[in-house]
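Right, one structure below, let's go through it.
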Amino acid sequence: MTKYIFVTGGVVSSLGKGITAASLGRLLKNRGLNVTIQKFDPYINVDPGTMSPYQHGEVFVTDDGAETDLDLGHYERFIDINLNKYSNVTTGKIYSSVLQKERRGEYLGGTVQVIPHITNEIKERVYRSGRETNADVVITEIGGTVGDIESLPFLEAIRQIKSDIGRDNVMYIHCTLIPYLKAAGEMKTKPTQHSVKELRSLGIQPNIIVVRTELPVSQDMKDKLALFCDIDTKAVIEARDADTLYAVPLSLQEQNMDQIVCDHLKLDNPAADMTDWTALVNKVRNLSKKTKIALVGKYVELQDAYISVVEALRHAGYSFDTDVEVKWVNAEHVTAENVKELVGDTDGILVPGGFGDRGVEGKIVAIQYARENKVPFLGICLGMQLASIEFARNVLGLEGANSSEINPDTPYAIIDLLPEQKDVEDLGGTLRLGLYPCKLAEETNAYNAYNEPVVYERHRHRYEFNNQFRPDMEKAGFVFSGTSPDGRLVEIIELQDHPWFVAAQFHPELVSRPNRPQPLFHDFVSASITNKESK
């Protein structure tokens, strides 16, 4: 029978529930269990696709095209699995589904209420995740903080699940904070006690408490928490700030967290073999070289907006025993006069994805600098589109060339709407989303990176390269190294007389793993290291 683990949070948000859930998933997978994982977000948006990155951070796209929470990126990178649309559930999705059922008459004239209809829909999403993946264990992270009004239906639903399928098949893990009061010189357990009290008042008794802390938690403090929260002392798990996220699974294993979980759920799988993971962490902690990459974006104040990009750069660096330092460059501040000052000390330049016109001209200036000064360049999504526009303006001399997204009246729409997008009015969930094939041209940097004729990558865009400009740009040295299999859509572009200048319409960062870097990132970092060594 499938086992279910629920991870909740208390006291404050951003405690690392997602990393805790992902780390536990890795430990259980290494015990030979088939693990899947999901995130429940209590906001009323159907998905984060139209939310500002300042509000939500990065939008992570799954193979099947779901726009999801950035925690799914952590899940995939840690557990090394590909998740799907069932892995992220929001209040908006739940209510939308229930209202559609009501309109179809599925409730037989009954009064539709939070209990049982909303809670039943939530439970169905939990069970479906296990069914669709044939999982031994389903880990579900509940977003928000215990005590929030928005979270109540989710907490009630997961309370009911224990009654539905039995205590041996359900486990609750609660993540809290033990703050250190500098003035008093002591750590305080009271916020954790009150958070657990709130959770218990809702009918949920946590089996494990994971306490986030800056300093070591004494045995006396663990005993106190165990007494007041009614759990075993060994089930108080310390989550200290780590020098690398990838060390967290090893810290949890040292405290026997995965064994406690298996004992409670009556799973007799052998201990997790973390030899390879330990080797990875040791490598990360002992990188001997450095390279600096400029990330030119418009959300640089909130680095979570580009979290998968940064992780993909780091993964690539691990292959070369290199610590990749990211220099955050606000695209709105970049001009032709100061671009050298802002990016001249870096070994490579990356322009990530985005929407809208803010910061676009600054990104184009940075791309021009990379092209003219032979600096390794990687463009992603909008970065690929702007690389095309920069070439059209400054090499072909098409003054005013632009994207019809940025300037609908441009005389040269190098980037235009996909034909199937012309009549689309809704913004949410209507992009070209998910995994699509890309055919690679031989004897190109793209082909050399993948060493395969056809690859599959995840997309999230509405605009595409305008094919009427293809012949002129090819004549001028612009290489279309990746297209859709029918040749209609441009997927990857690069330059002929440049050491390494590649840009992709898709989002390669989404499939990178710490032990398996994404090929374009791998070769981009390699080219950046070579550039540094040649200076």
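Glycine residues also receive a Cβ, built from the backbone N, Cα and C atoms like all the rest.
What Swiss-Prot records for this protein:
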type	residues	note
ACT_SITE	Cys381	active site, nucleophile
ACT_SITE	His507	active site
ACT_SITE	Glu509	active site
BINDING	Ser13, Lys188, Thr189, Lys190, Pro191, Thr192, Gln193, Lys224	UTP binding site
BINDING	Ser13, Asp148, Ile149, Glu150, Lys188, Thr189, Lys190, Pro191, Thr192, Gln193, Lys224	CTP binding site
BINDING	Ser14, Leu15, Gly16, Lys17, Gly18, Ile19, Asp71, Arg240, Asp241, Ala242	ATP binding site
BINDING	Tyr54, Gly354, Leu382, Gly383, Met384, Gln385, Glu405, Arg462	L-glutamine binding site
BINDING	Asp71, Glu141	Mg(2+) binding site
DOMAIN	292-534	domain 'Glutamine amidotransferase type-1'
REGION	1-267	region 'Amidoligase domain'
Site extent for UTP, whole Å (max Cα pair distance, Ser13, Lys188, Thr189, Lys190, Pro191, Thr192, Gln193, Lys224): 24
Candidates Ser13, Tyr54, Glu141, Gln385 (binding-site residues) - the one closest to Asp71 (ATP binding site) by CA: Glu141
Among Asp71, Glu141, Asp241, the one of these binding-site residues whose Cβ has the fewest neighbouring Cβ atoms within 10 Å: Asp241
Across the region 'Amidoligase domain' (1-267), average pLDDT on the 0 to 100 scale: 93
For His507 (active site), the number of other Cβ atoms found within 10 Å of its own Cβ: 24
Spatially closest candidate among Ser13, Gly16, Pro191, Asp241, Glu509, the listed recorded positions, to Gly354 (L-glutamine binding site) (Cα to Cα): Glu509
Listed binding-site residues among Gly16, Glu141, Ile149, Leu382, Gln385, Glu405 whose Cα sits within 10 Å of Pro191 (UTP binding site): none
Same chain, 6+ residues apart, C-beta under 8 Å of the C-beta of Glu405 (L-glutamine binding site), given in sequence order: Phe355, Gly356, Asp357, Ile415, Leu417, Arg462, Tyr463
CB within-chain contacts under 8 A for Met384 (L-glutamine binding site), separation at least 6: Ile492, Ile493, Ala503, Ala504, Gln505
Listed recorded positions Glu141, Thr192, Lys224, His507, Glu509, filtered to Cα within 10 Å of Gly18 (ATP binding site): Glu141
Among Ser14, Leu15, Gly16, Lys17, Gly18, Ile19, Asp71, Arg240, Asp241, Ala242, the record's ATP binders - longest CA distance, Å: 19
Span of Tyr54, Gly354, Leu382, Gly383, Met384, Gln385, Glu405, Arg462 around L-glutamine - largest C-alpha separation, Å: 23
